[in-house]
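A.B. asks: Take a look at the following structure, please.
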Amino acid sequence: MTALPPPPPKKLGLVIDLDTCVGCHACAVACKSWNDGGAFGPLPDADPLGAAPDGVWFNRVHTYEVTGLGTAGAASEQRKADDGGRPEIPTAATAHSRVPPALTIHFPRSCLHCETPACVPVCPTGASYKRAEDGIVLVDADKCIGCQLCAWACPYGAREFSAARGVMQKCTLCVDRIYDDSLAPQDRQPACVAACPTRARHFGDLGDPHSEVSKLVAERGGFAPLQELGYAPVNRYLPPRPHRDDGAHAAAETAEAPLDGEALPPLLRWLDRLLSR
Amino acid sequence: MPHRSLKPDAPVGDRVVTTTCYMCACRCGIRVHLKDGRVRYIDGNPAHPVNRGAICAKGAAGPRQHDSPARLRKPLLRTGPRGAGEFREIEWSEALALAAKWLGDIRKRNPDELAFFTGRDQSQALTGWWAQQFGTVNYAAHGGFCSVNMAAAGMYTLGGSFWEFGEPDWEHTKYLLLWGVAEDHDSNPIKLGLGKLKARGAKIVAINPVRTGYAAIADEWVPIRPGTDGLLIGALLHELLRHDRIDLDYLVRYTNAHWLVIRAPGSADDGLFARDAEGHPLCAARDASLSPDAVGEEGGAREPVASALRWRLERADAVGIAPVIVGEYALPDGRTAVPAFQLLAQRFLAPEYAPQAVAERCGVPAATIRRLAQELAKVAFEQAISLPQHWTDAWGREHADMLGRPVAMHAMRGIGAHANGFHTCRMLHLLQMLLGAIDTPGSFRYQPPYPKAVPPANRPGRARRDDGALDANPLGYVHAPADLLVDADGRPRRIDKAFSWEHPLAAHGMLQTVIRNAWAGDPYRIDTLFLFMANMGWNSAMNTAETRRMLADRDPATGRYRIPHIIYVDAYGSETVDYADLVLPDTTYLERHDGMSLLDRPISDADGAADAIRVPVVAPDRDVRPFQDVLLELGARLRLPGMADADGAPVYRDYADYLQRHQRAPGVGLLAGWRGADGTAHGVGAPNPRQLEAYAAHDCHWRLPVPAAGRYYKMANRDYLEWARALGFVGSAAPIVLELYSETLQRFRLSAQGHGAVRPPARQRARVERYFDPLPFWYDDIEADGSSAERGGERGHAEWPPSALGAPSPARGGRDEKAYPLHAISQRPMFMYHAWGSHNVWLRQIAARNCLYLHPATAAEHGVADGDWVWLVSPQARIRVQARLHAGTAPGVLWTWNAIGKGKGAWRLAADAPESRDGFLLNHLIGELLPPRDGARYANADPVTGQAAWYDLRVRLERDAAPEVPGHRIERATGSAA
């Protein structure tokens, strides 16, 4: 059994904006690229050119379809469509709009660096541990015996067992970057954050209520998945913002008395317009 | 219990080299971190203007591309039959001697017997010039297969286009419409921009049959039926016109909306602009000095004739006038003319473009269309922005600020890869014009060197000089029928039939037709097919299985291959390698010099002109050579003009030497930065022998900011135009007029009506007349467009401007829509670039195979369950694929990821790799030709530009007797066209 340290003063972690993530996998591959050759590498690949290629990734992106949530413009408009008295007859092409369109959510998944992680106490050798100074959860490969109890304990599926190395591997929050004084300050952040093309990933101290990441979480209602399990994840996800599809406003906008094209000769109205070149 | 061994501040590597990525065409700045001479990892360069430190999945996977097992290692000479993959390794000396022999014989005999086609080539400034010096007209890159509708429609309308020509104003736009945008183009700049829009709360609307990637984070997804984008845009134009929500002042200042169009049916200048004796276009303008009676002179004037309008003819390019945009006006010769705007308004106010008329066909509710038009107008006009930036317009008038219409559009091949794509793309630019939203704060913005003249001045090369070189680059912009590459009988002079009457404005050539035409000897036979990085034996072909047969087909009379020689150049063992006679192995992108030139596809952004290079980061560990070096050496061996001196010695040592020393015109070279002997000149200047060093010292790129006063209204901004002229981007600082009405297109229509010296052959007249409409219009995909040839004649001028739409009846047209009721399209995953990703051992872990995605309702209609193996059937072939349900797909549409499906054994993948066992290409189903009509068969392509119409694919879905049994199969339809 491995003991947890006292609550650390710093809670370093990631804030991931699900409203902005386009599911491009940049974070996952940047992570793989950094760590494969870094202090916690290699991240071995099995059957790389074969039938079932798989390997160790500290970060994976999953894409989900979510149906039945909310309404969207096209859908609500279809229901209240007023097309000059002509009834809209659903066809193969329009039938879909009677159903709220699906939301597609891209969900990057990596270690959440829980405040009371399930994975650490179960470790028989002390290989899995939580750092007292910043709360990062790490695995010391030199001590790991590959029993995989930690992977069973983690409800987030954040741990990856390397059969080739016989050890458990996981996100390190790029502990070998963030304290490296030989790197430029802007590079002292996790590889996934530096890579993210939509800037949907943020890194900082979630223990400091005044940090940029804490402010983001407060503003956007950041949440931790499966909080009810009680492991107190540090990482936060920002939920999709309400979409500005404005279906609900359509009626109001239509009512703002547009020019009645039928009442004017179609082109004459432009004749008297004084234009200047 | 911290690690004993953890050293969090251990050095990352021992060396960092900055260069430019080539994992897609985005050209981001990268840092390659080396350790012990090996590539340890690659990240984005924070100091680079393209990606500002971001890197995508492809770019980050660069190390595994660089050491891919699929790399070719040595030149190969075919020993077995084509397609068998039997080769022997040969030395470079033998390989180059053989290539020089084949090409030398051709050049003596007839240079056009060489067809030189390149793929996603970033050195077209070299390859195009090489073809020109060789003297063949048969050169092109892959644009005909990819994006020429988008490019040509832009260049023939506003002298720029999307992606590498322009970008949304990410800093100011409040409303972004993404039309059919694939997720690989433009990669990181779009993602960075979307992130900014999201942070700022701008609205993003995605118009796309499929909701993935960018569309997934859009505020609104408008699932549209493929090929109907033009109808939707037309309906938006209709709504804006109907509600008079148009920026009329913008139109008369920056477009030809007020120019008078001659109406003289049957005469040689019908539909051209009325001009004065010096050729200046004319308009009608208000004139307070004339009495109202002047109106009475217009005898036959129809509506609208205002009772009090006093007008006179003015030069349309004059300033200080008040142009009129509707009405019918008498010209001095007694004929009448109408402003171009009136023709536009008449066309799009017609009921066929009303939202309720297009809704069913587009699959978009009429109320949604109306609302989108209202939202566009509301943002453009009620949320207009103004930047406090002083500027001087092209006529010398000063302005204290810059008015912005913060509505931006971005489009890619989703709307372009249709047979109606050219006009659809042009229509999109008209929509931007009506909103006053081209190069204003918040709208679409040009990237230097754009805008260029409309169309750009460079015409395609047509004649050979005494030294055997063509008089110009084989690719260019046709201005009039006399510029076409046709013989005296109007037959195509190019093997791909680009710039012929079949596809007159094929500005990028037609790569997709080359193999078939060369195989068929239509219009003639060639000797050598020379391919660089174009996987035309697989994913860069339509009707792929048949195309592979053509590559290996022999002439029964002689027993020789119908395409006698095939030379293929690539860094990797693609599916096309097996069909080559001679394989020349290229380096990876970390092993050579490259130049991303302003003469080709620069890396500029809207606020700066920029170009870039790649530098060799590591030395090749195989017997491979950079293709650009090989091309120059071949050129020297062939003694091509400019590549060998009088004694036959090479002019250039290698490509790096060429990048520094070659001059296209005095002072103009491939790279614009650090020119002049001392490296202090930018844009134009003498060659600098240390230019590449200067680039390398500046992270391999050069960027010159646009002056603050020149950042917007570039087409008519003196501050910009003078700057651009000094850099050689434009020939003069005269304003560039946006072409709402295209006189260039009308010239072709007139030739089809029998005017001018160069006229289409009789059987093509109706087609040219129909599709060369000076105003954009929507038509159904061309195969179903039964009206195409037959109707052109009857239209004439009786119905002018012609009504564009036929009745939406399933019975019309040459194709049975009931037999093939579903659309099938491909999308591009963000983590792979075309065929390039599947041999990357990291990227293929993200997806090693593709599936067929469809809406649950579509699946239910066909009795298909999630995971079932089904048959997709087209007239061409049928393929067995696995179906997955996806609610983010428009009903009636099927889609899959592009180019993950691989040929068995290619790319060094295992024989049971999912890419070939389960993955698939839609290409097998797509015919490269349209069905016969009037005794002729045209390419399955846009009739104006030749863009491959692969998104026009229609299929049907059939159940398999054992849907649970996995396995992809391809079965050619019996009796399908060979």
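Placed from the backbone N, Cα and C atoms, the Cβ positions cover glycine too.
Whatever TrEMBL says is automated annotation, not expert-curated.
Annotation comment: TrEMBL describes A:77-86 as compositional bias 'Basic and acidic residues'. The domain '4Fe-4S ferredoxin-type' feature in TrEMBL is assigned to A:12-45, A:101-133, A:135-164. Annotated region 'Disordered' per TrEMBL: A:72-92, in sequence order.
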A.B. asks: Let me spell it out: take the domain '4Fe-4S ferredoxin-type' (A:101-133), skip the flanking residues so only those 6+ beyond its ends count, and list any with a Cβ under 8 Å from a Cβ in it.
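C.D. replies: Long-range Cβ neighbours of the domain '4Fe-4S ferredoxin-type' (A:101-133): 1-14, 16, 18, 21-23, 27-28, 31, 58-67, 69-70, 72, 74-75, 139-145, 147, 149-159, 167-168, 170-171, 173, 175, 192, 201, 224-225, 229-235, 237, 240.
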A.B. asks: Below 8 angstroms Cβ to Cβ, which residues of this chain, lying six or more residues outside the domain '4Fe-4S ferredoxin-type' (A:12-45), approach it?
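C.D. replies: Hits for the domain '4Fe-4S ferredoxin-type' (A:12-45): 53-61, 63, 104-108, 110, 112-113, 134-136, 141, 162-165, 169, 171-178, 190-206, 213, 216-217, 220, 222, 233-241.
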A.B. asks: Give the mean pLDDT for the domain '4Fe-4S ferredoxin-type' (A:12-45) on the 0 to 100 scale.
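C.D. replies: A mean pLDDT of 96 is what the predicted model shows over the domain '4Fe-4S ferredoxin-type' (A:12-45).
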A.B. asks: For a three-state summary based on DSSP, what are the helix, strand and coil counts in the domain '4Fe-4S ferredoxin-type' (A:12-45)?
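C.D. replies: For the domain '4Fe-4S ferredoxin-type' (A:12-45), the helix, strand and coil counts are 11 helix, 7 strand, 16 coil.
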A.B. asks: How do the residues of the domain '4Fe-4S ferredoxin-type' (A:101-133) split into helix, strand and coil according to DSSP?
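C.D. replies: DSSP composition of the domain '4Fe-4S ferredoxin-type' (A:101-133): 0 helix, 10 strand, 23 coil.
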